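Chemist: Can you keep this structure in mind? I'll have questions shortly.
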Amino acid sequence: MPPTVDMGIPGASSSVAVNPTRKRVLLAEPRGYCAGVDRAVETVERALEKHGPPVYVRHEIVHNRHVVSTLEKAGAVFVEETDEVPEGAIVVFSAHGVAPTVHAAAAERNLHTIDATCPLVTKVHNEARRFARNDYDILLIGHEGHEEVVGTAGEAPDHVQLVDGVAAVDNVRVRDEDKVVWLSQTTLSVDETMEIVERLRQRFPKLQDPPSDDICYATQNRQVAVKAMAPECDLVIVVGSRNSSNSVRLVEVALGGGAGAAHLVDWADDIDPAWLEGVTTVGVTSGASVPEVLVQGVLERLAECGFDVVQPVTTAQETLVFALPREIRSAR
(Lines of atoms letter the chains of each structure in order from A and count residues from 1; the text may use other names and numbers.)
(Lines give C-alpha, C1' and ligand atoms only; values in the text may rest on other atoms or scores of the structure.)
Protein backbone atom coordinates (compact mmCIF):
# COMPACT_ATOMS: atom_id res chain seq x y z
CA MET A 1 0.00 0.00 0.00
CA PRO A 2 1.40 3.46 -0.88
CA PRO A 3 2.37 5.58 2.11
CA THR A 4 -0.02 8.12 3.60
CA VAL A 5 1.44 11.60 3.75
CA ASP A 6 0.44 15.01 5.02
CA MET A 7 -1.06 17.13 2.23
CA GLY A 8 -0.41 20.42 4.01
CA ILE A 9 -3.99 21.08 5.10
CA PRO A 10 -5.24 19.89 8.51
CA GLY A 11 -7.21 16.67 8.16
CA ALA A 12 -6.13 16.02 4.57
CA SER A 13 -4.19 12.95 3.59
CA SER A 14 -3.42 11.11 0.38
CA SER A 15 -1.73 7.98 -0.83
CA VAL A 16 1.02 9.55 -2.93
CA ALA A 17 3.01 7.63 -5.55
CA VAL A 18 6.68 7.04 -4.89
CA ASN A 19 7.55 8.12 -8.44
CA PRO A 20 6.39 11.75 -8.83
CA THR A 21 6.72 11.61 -12.63
CA ARG A 22 4.24 8.76 -13.05
CA LYS A 23 0.82 9.76 -14.32
CA ARG A 24 -1.68 9.73 -11.50
CA VAL A 25 -5.13 10.82 -10.42
CA LEU A 26 -5.81 12.49 -7.08
CA LEU A 27 -9.40 11.66 -6.19
CA ALA A 28 -11.16 14.03 -3.80
CA GLU A 29 -13.03 12.58 -0.86
CA PRO A 30 -15.74 13.55 -0.12
CA ARG A 31 -17.30 14.18 -3.50
CA GLY A 32 -20.62 13.63 -5.26
CA TYR A 33 -24.04 13.18 -3.71
CA CYS A 34 -24.77 15.07 -0.51
CA ALA A 35 -27.53 14.09 1.91
CA GLY A 36 -29.97 16.63 0.46
CA VAL A 37 -29.50 15.45 -3.13
CA ASP A 38 -29.72 11.80 -2.11
CA ARG A 39 -32.98 12.55 -0.32
CA ALA A 40 -34.43 14.48 -3.27
CA VAL A 41 -33.60 11.85 -5.89
CA GLU A 42 -34.90 9.04 -3.69
CA THR A 43 -38.07 11.05 -3.09
CA VAL A 44 -38.89 11.01 -6.81
CA GLU A 45 -37.95 7.33 -7.11
CA ARG A 46 -40.17 6.37 -4.15
CA ALA A 47 -43.04 8.52 -5.42
CA LEU A 48 -42.88 6.66 -8.74
CA GLU A 49 -42.85 3.32 -6.92
CA LYS A 50 -45.78 4.27 -4.71
CA HIS A 51 -48.02 6.08 -7.19
CA GLY A 52 -46.75 4.98 -10.60
CA PRO A 53 -45.97 7.38 -13.45
CA PRO A 54 -46.41 10.11 -14.22
CA VAL A 55 -45.03 11.96 -11.22
CA TYR A 56 -44.54 15.65 -11.98
CA VAL A 57 -41.49 17.52 -10.72
CA ARG A 58 -41.27 21.31 -10.65
CA HIS A 59 -37.87 22.25 -12.10
CA GLU A 60 -34.95 19.84 -12.21
CA ILE A 61 -34.99 17.83 -8.99
CA VAL A 62 -31.23 18.48 -8.78
CA HIS A 63 -28.94 20.24 -11.23
CA ASN A 64 -27.57 17.24 -13.10
CA ARG A 65 -28.49 16.21 -16.64
CA HIS A 66 -27.82 12.51 -16.09
CA VAL A 67 -30.04 12.33 -13.01
CA VAL A 68 -32.89 14.18 -14.70
CA SER A 69 -32.68 11.98 -17.81
CA THR A 70 -32.69 8.80 -15.73
CA LEU A 71 -35.77 9.90 -13.79
CA GLU A 72 -37.55 10.93 -16.99
CA LYS A 73 -37.06 7.41 -18.35
CA ALA A 74 -38.62 6.07 -15.15
CA GLY A 75 -41.73 8.22 -15.61
CA ALA A 76 -40.98 11.58 -14.01
CA VAL A 77 -42.24 14.62 -15.92
CA PHE A 78 -40.31 17.84 -15.32
CA VAL A 79 -42.18 21.13 -15.62
CA GLU A 80 -41.32 24.77 -15.06
CA GLU A 81 -44.45 25.80 -13.17
CA THR A 82 -47.35 24.18 -11.38
CA ASP A 83 -49.87 25.39 -13.98
CA GLU A 84 -48.37 22.77 -16.32
CA VAL A 85 -49.44 20.00 -13.93
CA PRO A 86 -52.93 18.48 -14.38
CA GLU A 87 -55.31 19.32 -11.54
CA GLY A 88 -55.21 16.78 -8.75
CA ALA A 89 -51.90 15.26 -9.87
CA ILE A 90 -48.78 14.61 -7.80
CA VAL A 91 -45.98 17.18 -7.95
CA VAL A 92 -42.58 17.07 -6.27
CA PHE A 93 -40.80 20.30 -5.37
CA SER A 94 -37.07 20.23 -6.10
CA ALA A 95 -34.20 20.20 -3.60
CA HIS A 96 -33.67 23.94 -4.15
CA GLY A 97 -36.88 24.97 -2.38
CA VAL A 98 -39.84 27.08 -3.46
CA ALA A 99 -41.47 30.32 -2.37
CA PRO A 100 -44.80 30.33 -0.49
CA THR A 101 -46.51 31.55 -3.67
CA VAL A 102 -45.65 28.23 -5.33
CA HIS A 103 -47.26 26.27 -2.50
CA ALA A 104 -50.33 28.49 -2.84
CA ALA A 105 -50.51 27.96 -6.61
CA ALA A 106 -50.29 24.20 -6.12
CA ALA A 107 -53.09 24.28 -3.55
CA GLU A 108 -55.34 26.21 -5.94
CA ARG A 109 -54.98 23.36 -8.45
CA ASN A 110 -55.58 20.70 -5.78
CA LEU A 111 -52.16 19.22 -6.44
CA HIS A 112 -50.77 16.58 -4.12
CA THR A 113 -47.39 18.05 -3.21
CA ILE A 114 -44.28 16.27 -2.00
CA ASP A 115 -41.64 18.71 -0.82
CA ALA A 116 -38.09 17.47 -1.52
CA THR A 117 -36.49 20.76 -0.43
CA CYS A 118 -33.13 20.11 1.21
CA PRO A 119 -33.53 20.54 4.99
CA LEU A 120 -30.52 22.88 4.98
CA VAL A 121 -32.31 25.12 2.47
CA THR A 122 -35.44 24.95 4.62
CA LYS A 123 -33.29 26.20 7.51
CA VAL A 124 -32.41 29.33 5.51
CA HIS A 125 -36.10 29.83 4.65
CA ASN A 126 -36.96 29.67 8.35
CA GLU A 127 -34.25 32.21 9.15
CA ALA A 128 -35.59 34.58 6.49
CA ARG A 129 -39.11 34.38 7.92
CA ARG A 130 -37.91 34.91 11.48
CA PHE A 131 -35.79 37.96 10.70
CA ALA A 132 -38.57 39.40 8.54
CA ARG A 133 -41.01 39.06 11.45
CA ASN A 134 -38.55 41.12 13.50
CA ASP A 135 -38.42 43.69 10.68
CA TYR A 136 -34.77 43.20 9.74
CA ASP A 137 -33.27 44.07 6.38
CA ILE A 138 -32.04 40.71 5.07
CA LEU A 139 -29.02 40.78 2.77
CA LEU A 140 -29.17 37.53 0.81
CA ILE A 141 -25.81 36.61 -0.72
CA GLY A 142 -26.38 34.51 -3.83
CA HIS A 143 -26.69 34.32 -7.58
CA GLU A 144 -29.56 36.13 -9.26
CA GLY A 145 -32.08 33.77 -10.81
CA HIS A 146 -30.88 30.63 -9.03
CA GLU A 147 -33.89 28.58 -7.89
CA GLU A 148 -32.70 28.50 -4.30
CA VAL A 149 -32.32 32.28 -4.15
CA VAL A 150 -35.75 32.81 -5.70
CA GLY A 151 -37.32 30.52 -3.11
CA THR A 152 -35.57 32.10 -0.14
CA ALA A 153 -36.32 35.65 -1.27
CA GLY A 154 -39.95 34.65 -1.74
CA GLU A 155 -40.24 33.95 1.98
CA ALA A 156 -39.79 37.65 2.77
CA PRO A 157 -39.91 39.67 -0.46
CA ASP A 158 -40.32 43.01 1.34
CA HIS A 159 -37.25 42.46 3.51
CA VAL A 160 -34.74 40.65 1.28
CA GLN A 161 -32.11 42.33 -0.91
CA LEU A 162 -29.96 40.16 -3.16
CA VAL A 163 -26.20 40.71 -2.97
CA ASP A 164 -24.72 39.03 -6.03
CA GLY A 165 -20.98 39.54 -5.67
CA VAL A 166 -18.66 42.05 -4.02
CA ALA A 167 -19.49 44.75 -6.57
CA ALA A 168 -23.13 44.67 -5.49
CA VAL A 169 -22.30 45.70 -1.92
CA ASP A 170 -22.09 49.39 -2.78
CA ASN A 171 -25.70 49.33 -4.01
CA VAL A 172 -27.16 48.00 -0.76
CA ARG A 173 -29.48 50.34 1.12
CA VAL A 174 -30.95 49.58 4.54
CA ARG A 175 -33.56 51.29 6.71
CA ASP A 176 -31.90 50.76 10.09
CA GLU A 177 -28.21 49.86 10.39
CA ASP A 178 -28.93 48.29 13.79
CA LYS A 179 -31.24 45.70 12.21
CA VAL A 180 -29.34 44.12 9.33
CA VAL A 181 -28.53 40.43 8.89
CA TRP A 182 -26.90 38.44 6.10
CA LEU A 183 -28.00 35.04 4.84
CA SER A 184 -26.65 33.08 1.89
CA GLN A 185 -27.36 30.55 -0.79
CA THR A 186 -26.14 27.18 0.47
CA THR A 187 -23.92 26.33 -2.52
CA LEU A 188 -21.57 29.31 -2.72
CA SER A 189 -17.81 29.52 -2.50
CA VAL A 190 -16.97 29.88 1.18
CA ASP A 191 -14.07 32.25 0.48
CA GLU A 192 -16.06 34.47 -1.87
CA THR A 193 -18.96 34.63 0.56
CA MET A 194 -16.69 35.67 3.43
CA GLU A 195 -15.18 38.37 1.22
CA ILE A 196 -18.66 39.75 0.56
CA VAL A 197 -19.55 39.56 4.25
CA GLU A 198 -16.43 41.49 5.24
CA ARG A 199 -17.22 44.17 2.68
CA LEU A 200 -20.80 44.38 3.98
CA ARG A 201 -19.52 44.66 7.53
CA GLN A 202 -17.31 47.57 6.55
CA ARG A 203 -20.47 49.38 5.46
CA PHE A 204 -22.68 48.08 8.26
CA PRO A 205 -20.59 47.41 11.39
CA LYS A 206 -23.57 45.98 13.29
CA LEU A 207 -24.34 43.43 10.56
CA GLN A 208 -25.56 40.22 12.19
CA ASP A 209 -24.47 36.73 11.18
CA PRO A 210 -26.99 33.94 10.61
CA PRO A 211 -27.56 31.71 13.65
CA SER A 212 -25.48 28.98 11.97
CA ASP A 213 -23.61 28.53 8.70
CA ASP A 214 -25.89 28.84 5.68
CA ILE A 215 -23.34 27.34 3.28
CA CYS A 216 -24.00 23.63 3.66
CA TYR A 217 -21.56 21.12 5.09
CA ALA A 218 -21.24 19.27 1.77
CA THR A 219 -20.40 22.41 -0.19
CA GLN A 220 -17.71 23.29 2.33
CA ASN A 221 -16.32 19.74 2.49
CA ARG A 222 -16.00 19.45 -1.28
CA GLN A 223 -14.25 22.80 -1.52
CA VAL A 224 -11.78 21.88 1.24
CA ALA A 225 -10.93 18.61 -0.51
CA VAL A 226 -10.27 20.45 -3.78
CA LYS A 227 -8.08 22.99 -1.98
CA ALA A 228 -6.07 20.13 -0.48
CA MET A 229 -5.15 18.61 -3.82
CA ALA A 230 -5.14 21.65 -6.14
CA PRO A 231 -1.50 22.71 -5.52
CA GLU A 232 -0.30 19.29 -6.75
CA CYS A 233 -2.55 19.18 -9.81
CA ASP A 234 -1.63 20.17 -13.34
CA LEU A 235 -5.32 19.77 -14.12
CA VAL A 236 -8.51 19.38 -12.08
CA ILE A 237 -11.59 17.82 -13.65
CA VAL A 238 -14.87 18.60 -11.89
CA VAL A 239 -17.76 16.34 -12.84
CA GLY A 240 -20.97 18.35 -12.81
CA SER A 241 -23.46 20.26 -14.93
CA ARG A 242 -23.01 23.91 -15.85
CA ASN A 243 -26.23 24.93 -14.10
CA SER A 244 -24.96 23.40 -10.85
CA SER A 245 -23.76 26.26 -8.67
CA ASN A 246 -21.70 24.11 -6.34
CA SER A 247 -19.97 22.36 -9.27
CA VAL A 248 -19.03 25.66 -10.91
CA ARG A 249 -17.67 26.87 -7.58
CA LEU A 250 -15.39 23.81 -7.39
CA VAL A 251 -13.74 24.85 -10.66
CA GLU A 252 -13.15 28.31 -9.23
CA VAL A 253 -11.78 26.89 -5.98
CA ALA A 254 -9.40 24.61 -7.88
CA LEU A 255 -8.00 27.48 -9.92
CA GLY A 256 -7.76 29.70 -6.85
CA GLY A 257 -6.02 26.90 -4.97
CA GLY A 258 -3.18 26.58 -7.44
CA ALA A 259 -4.27 24.02 -10.03
CA GLY A 260 -2.68 24.54 -13.43
CA ALA A 261 -6.08 24.27 -15.12
CA ALA A 262 -9.60 23.20 -14.22
CA HIS A 263 -12.55 22.13 -16.33
CA LEU A 264 -16.18 21.19 -15.73
CA VAL A 265 -17.50 18.08 -17.52
CA ASP A 266 -20.88 16.38 -17.49
CA TRP A 267 -19.31 13.01 -18.26
CA ALA A 268 -16.22 11.33 -19.67
CA ASP A 269 -16.97 12.19 -23.30
CA ASP A 270 -16.54 15.88 -22.46
CA ILE A 271 -12.84 15.42 -21.69
CA ASP A 272 -10.67 17.03 -24.36
CA PRO A 273 -7.51 14.92 -24.93
CA ALA A 274 -5.59 18.17 -25.44
CA TRP A 275 -6.14 18.96 -21.75
CA LEU A 276 -3.95 15.98 -20.83
CA GLU A 277 -0.93 16.91 -22.94
CA GLY A 278 2.11 17.37 -20.70
CA VAL A 279 0.04 16.61 -17.59
CA THR A 280 1.30 14.31 -14.83
CA THR A 281 -1.26 14.81 -12.04
CA VAL A 282 -5.01 15.13 -12.58
CA GLY A 283 -7.35 15.92 -9.72
CA VAL A 284 -10.90 14.60 -9.95
CA THR A 285 -13.93 15.62 -7.92
CA SER A 286 -17.66 15.99 -8.46
CA GLY A 287 -20.47 18.30 -7.45
CA ALA A 288 -23.06 17.45 -4.82
CA SER A 289 -25.67 16.41 -7.42
CA VAL A 290 -23.43 14.00 -9.35
CA PRO A 291 -23.91 10.21 -9.15
CA GLU A 292 -20.73 8.20 -8.64
CA VAL A 293 -21.21 6.31 -11.92
CA LEU A 294 -20.23 9.49 -13.80
CA VAL A 295 -17.03 9.83 -11.78
CA GLN A 296 -16.15 6.21 -12.49
CA GLY A 297 -16.59 6.89 -16.19
CA VAL A 298 -14.11 9.76 -15.96
CA LEU A 299 -11.61 7.58 -14.09
CA GLU A 300 -11.91 4.87 -16.74
CA ARG A 301 -11.31 7.40 -19.51
CA LEU A 302 -8.26 8.77 -17.71
CA ALA A 303 -6.93 5.22 -17.22
CA GLU A 304 -7.17 4.69 -20.98
CA CYS A 305 -4.93 7.76 -21.32
CA GLY A 306 -2.30 6.36 -18.95
CA PHE A 307 -3.57 7.80 -15.66
CA ASP A 308 -4.00 4.39 -14.05
CA VAL A 309 -2.88 5.24 -10.51
CA VAL A 310 -5.72 6.64 -8.40
CA GLN A 311 -4.91 8.05 -4.97
CA PRO A 312 -7.52 9.47 -2.56
CA VAL A 313 -7.26 12.88 -0.94
CA THR A 314 -9.49 12.65 2.11
CA THR A 315 -10.42 15.70 4.17
CA ALA A 316 -13.69 14.64 5.83
CA GLN A 317 -16.03 11.72 6.42
CA GLU A 318 -19.73 12.27 5.74
CA THR A 319 -22.41 10.20 7.49
CA LEU A 320 -25.40 12.56 7.52
CA VAL A 321 -28.70 11.13 6.24
CA PHE A 322 -31.97 13.08 5.98
CA ALA A 323 -35.36 11.43 6.48
CA LEU A 324 -37.58 11.24 3.41
CA PRO A 325 -40.68 13.46 3.20
CA ARG A 326 -43.49 11.95 5.25
CA GLU A 327 -45.71 11.59 2.16
CA ILE A 328 -43.57 8.79 0.74
CA ARG A 329 -41.88 7.19 3.76
CA SER A 330 -44.34 4.29 3.68
CA ALA A 331 -43.04 3.41 0.21
CA ARG A 332 -39.70 2.24 1.62
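Every residue, even glycine, has its Cβ placed from backbone N, Cα and C.
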Chemist: Of the candidates His96, His125, His263, which one does Swiss-Prot list alongside His63, His146, Ser244, Ser245, Asn246, Ser289 as binding isopentenyl diphosphate?
Modeler: His96
Chemist: Check Swiss-Prot for me: it has Cys118, Cys216 binding [4Fe-4S] cluster, so pick out which one of Cys34, Cys305 it puts in that same site.
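Modeler: Among Cys34, Cys305, only Cys34 appears alongside Cys118, Cys216 as [4Fe-4S] cluster-binding in Swiss-Prot.
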Chemist: Name the residues of the same chain, 6+ apart in sequence, whose Cβ is under 8 Å from the Cβ of His63 (isopentenyl diphosphate binding site)?
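Modeler: Within the chain, His63 (isopentenyl diphosphate binding site) has Cβ neighbours under 8 Å at Gly240, Ser241, Asn243, Ser244, Ser245, Ser247, Gly287, Ser289.
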Chemist: Give the residue from the binding-site residues Cys34, Cys216 that has the most other Cβ atoms within 10 Å of its Cβ, counting over every protein chain displayed.
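Modeler: Of Cys34, Cys216, the one with the most crowded Cβ is Cys34.
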Chemist: Among the binding-site residues His96, His146, which residue has the fewest other Cβ atoms within 10 Å of its own Cβ?
Modeler: His146
Chemist: Which residues, same chain and not among His63, His96, His146, Ser244, Ser245, Asn246, Ser289, have a CB within 8 angstroms of the centroid of the CB atoms at the recorded isopentenyl diphosphate site?
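Modeler: Checked against the 8 Å cutoff, the neighbours are Val62, Glu147, Glu148, Thr187, Asn243, Ser247, Gly287, Ala288.
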